[in-house]
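*Asks:* Sharing a structure below in C-alpha cells format, with a few things to ask.
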Amino acid sequence: MAPVKKSDKKATLDAAAWMFNVVTSVGIIIVNKALMATYGFSFATTLTGLHFATTTLMTLVLRCLGYIQPSHLPFTELLKFILFANFSIVGMNVSLMWNSVGFYQIAKLSMIPVSCLLEVVFDKIRYSRDTKLSIGLVLVGVGVCTVTDVSVNTKGFVAAFVAVWSTALQQYYVHYLQRKYSLSSFNLLGHTAPAQAATLLIVGPFLDYWLTDKRVDMYDYNSVSVMFITLSCTIAIGTNLSQFICIGRFTAVSFQVLGHMKTILVLVMGFFFFDRDGLNLHVILGMIIAVLGMIWYGNASSKPGGKEKKNYSLPTTRQQKLGATSDSDEHRDKA
C-alpha cells in the first residue's frame, strides 16, 4: 500500500478538526436556543461560566490520565487572554441587548476585517487580490442572510466596538500563544478554562441580572431544564476544544471565514426546529453567495501568494558578506 503523503494527512486532520467544530458549535446553539426560548433560561453569561467549569473538569481528568503534559504560560499572558476572552463574551451579550439584530450581525461580520488587520500588523501577512475579494463575497452573502433592520445608538456602538475587537484579539491570541509557547490545544485550555470559569461565574449572575432583571438563583429549575443545561455544558467541552484546535491549525481569519458556514447551518436548523418562516428567497440567495465565497476563499488562500508572510530580504552587500563567510567556513571545514 502506498504511503500516505504528509500533505494528505494534514488535510484529513484539518477537515476532521473543522467538522468537529462545526458539529459541536451548531449543536450547542440549537440546545441553547431551546434552553433559552422554550425553558426561559436567559442567563447567557452564567451559562458560559458553567461551560468553562465543565471544560476545566475535563482538562483535570485528562491531566490525571497523562494526556495533558506540564507546560508553562506566563501569568501576564494568561491575564491578557482572560481579559480579551471575557470582554468578548460580555461585549457580545451587551451588544445584542443594546443594538438591533441587524447591527449586531454587521458587528459580527466586521470581525473578519479586524482579524485581517491584526494578522497584517502583527504577523506581516499579505493577502492576494482574490483572497480579499473572496472574503468580501462571504461578508456580502452572510449579510444578505442575516441583516434585516439596522439601527444604532451610541452605547450600542461602543458595546459592539468592544465586542468585535476583544473577540478578534482573543482569537488571534489563541494562535499566538500556541505558537510562542509550543502549547497544544489541551495545554492552552488547561491554563485558560479555570480562570475563565472562575471570573465568569463571579461576574455572570450580576451581569445577567443587569441585562434581564432576573436572578439565576430564582430560576425554576426542573428535570428537563437541568438536562438541557447539562447537555449544553457537555457539548461546550467539544466546542471550546475544537475552537482552540482549529485556530491553532489555521488562523483567526480562516476560522472566521469558514465559521460562517456555521451561521448558515444554524439558519437551516432553526428553520426545521423552530421558525418555519425564517427561510425565504433572500436568505437562500445569501447562503448560496456565502458558500461560493467560502469555496473561493479556500482555493485563493491555498494558492502560492494567496496568503503569505512578507519576506524581508537582506541588503545585497550584507548577503554577499554572509555568503563569503559561509564559503570560507566551508573551505576551513574541508581542510
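All positions are counted from 1 along the displayed chain.
Positions of Cβ are set from backbone N, Cα and C atoms, glycine also.
Here the structure is a predicted model, which means the values were calculated and not measured.
According to Swiss-Prot, the protein has these features:
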- 11-31: transmembrane segment (TRANSMEM)
- 41-61: transmembrane segment (TRANSMEM)
- 78-98: transmembrane segment (TRANSMEM)
- 102-122: transmembrane segment (TRANSMEM)
- 133-153: transmembrane segment (TRANSMEM)
- 157-177: transmembrane segment (TRANSMEM)
- 186-206: transmembrane segment (TRANSMEM)
- 227-247: transmembrane segment (TRANSMEM)
- 254-274: transmembrane segment (TRANSMEM)
- 278-298: transmembrane segment (TRANSMEM)
- 303-335: region 'Disordered' (REGION)
- 313-326: compositional bias 'Polar residues' (COMPBIAS)
- Ser326: phosphoserine (MOD_RES)
- Ser328: phosphoserine (MOD_RES)
*Asks:* Could you check if the transmembrane segment (186-206) is in contact with the transmembrane segment (11-31), meaning 3+ Cβ pairs under 8 Å among residue pairs at least 6 apart in sequence?
*Replies:* no
*Asks:* Pairs 6 or more apart in sequence, C-beta under 8 angstroms, 3 or more of them: is that satisfied by the transmembrane segment (227-247) and the transmembrane segment (157-177)?
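*Replies:* They are in contact.
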*Asks:* In the same chain, which residue numbers or ranges, 6 or more beyond the ends of the transmembrane segment (278-298), come under 8 angstroms Cβ to Cβ?
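*Replies:* Beyond its ends, the transmembrane segment (278-298) has Cβ neighbours at 130-131, 133-146, 254, 257-258, 260-261, 263-264, 267-268, 270-271.
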*Asks:* Report, as numbers and ranges, which residues of the same chain sit near the transmembrane segment (78-98): CB under 8 Å and 6 or more residues beyond its ends.
*Replies:* 44-45, 48, 104, 107, 153, 155-156, 159-160, 162-164, 166-167, 169-170, 173-174, 177, 191-192, 195-196, 199-200, 203, 207, 211
